[in-house]
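Student: Pasting a structure here, questions to come.
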Amino acid sequence: MRQPDLEDGIEYWNTREASYDGVLGGFGNGTLPRVDALGSRQFIMTWIPELCTVPSAIRPLETPATDPKRRYRALDVGCGVGRTTKDVLLHLVDDVVLVEPVHKFISVAEAESIQWKGIAEKRKSATFVQAPLQQFDPGKDIAESDTLGRMGFIPVSVEHGYDIIWCQWCLGHLNHSELVAFFKLATKSLRDLRKGFIFVKENLCRDMDDGSARVVFDEEDSSLTRSNSAWIDVFTEAGLTVREGKIQQGLPEGLYPVKMYALQAADSSLDL
Ligand code: SAH
């Protein structure tokens, strides 16, 4: 079967508009962005409930649920124009690193980020890196020379490790071994293996009739669409276990089903 080609993928995305509509294949102006973002926020909060800032309806929170001295960090890979960072991650965490290979997308993200939550007030930060995932090691400190820039909060010392790694609608651009390699690096870059999560939110095609993995090559953008079993195969090989898999409800008709996976290192079992 044909495999994704890095250059062909980037070339395709370069022909798309640098907007929600462009990165969402024409679904940017309807209900999809809101439904998607709400589903993502809820899914993250299910697994990292201390990030929920809404106090109980019955009894207001007396103390913040999060440690006030600790800054929570997220990585948004294949971020496009920064939609997930803007609508989901910056509502939950303090600092986000955004990675995206297409220059016009990441530049629009950077230019617009001054309007994102907490950035103008320098309470939160967004750091922009232009790279394809095949060439990005999330465990490596981001050198000044690698970033297009950082907006908002400026730390006193170099920061390490992520609490959340968010991967949405971009992993089809990696073949099986690239994806396994990325997940292994991503796992190592989590600050706490028991508390941190890698979240994957991607399209699903149907498994084979016997339940085994199916992978479909998409000529248009040179990417792969994987079935649930194909995803599980990748996760297993990367040493990850699925804490929860959930289909995003409420998306417009005619799209592939979209599934969210909450992943952690298999050997850090929480004995749930
Ligand atoms: N995650 C964003 C963007 C989705 S569009 C969102 O949900 O809004 C798909 C994105 O994947 C595009 O921004 C595209 O440039 C990016 N992409 C393409 N090839 C990639 C690669 N090799 N590594 C990382 N991202 C890639």
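The backbone N, Cα and C atoms fix where each Cβ goes, and this holds for glycine too.
Take a look at what TrEMBL says about it:
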BINDING   Gly78, Arg83, Leu133, Gln134, Gln168  S-adenosyl-L-methionine binding site
Student: Name the residues of the same chain, 6+ apart in sequence, whose Cβ is under 8 Å from the Cβ of Arg83 (S-adenosyl-L-methionine binding site)?
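Tutor: Listed in sequence order: Tyr20, Val23, Leu24, Pro33, Ala37.
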Student: Tell me, how many other CB atoms lie within 10 A of the CB of Leu133 (S-adenosyl-L-methionine binding site), whichever protein chain they belong to?
Tutor: 24
Student: Where does Gln168 (S-adenosyl-L-methionine binding site) sit in the DSSP three-state scheme?
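Tutor: Strand, per DSSP.
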Student: Please give the S-adenosyl-L-methionine site's span as the largest CA-CA distance among Gly78, Arg83, Leu133, Gln134, Gln168, to the nearest whole angstrom.
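Tutor: Farthest Cα pair among residues binding S-adenosyl-L-methionine: 21 Å.
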Student: Under 8 Å Cβ to Cβ from Gln134 (S-adenosyl-L-methionine binding site), same chain, six or more residues apart: give me those in sequence order, or none if nothing qualifies.
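Tutor: Counting only residues 6 or more apart in sequence, the Cβ neighbours of Gln134 (S-adenosyl-L-methionine binding site) under 8 Å are Leu6, Leu174, Glu178, Phe182.
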Student: Other than its own, how many Cβ atoms are within 10 Å of the Cβ belonging to Gly78 (S-adenosyl-L-methionine binding site)?
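Tutor: Cβ-Cβ neighbours of Gly78 (S-adenosyl-L-methionine binding site) within 10 Å number 25.
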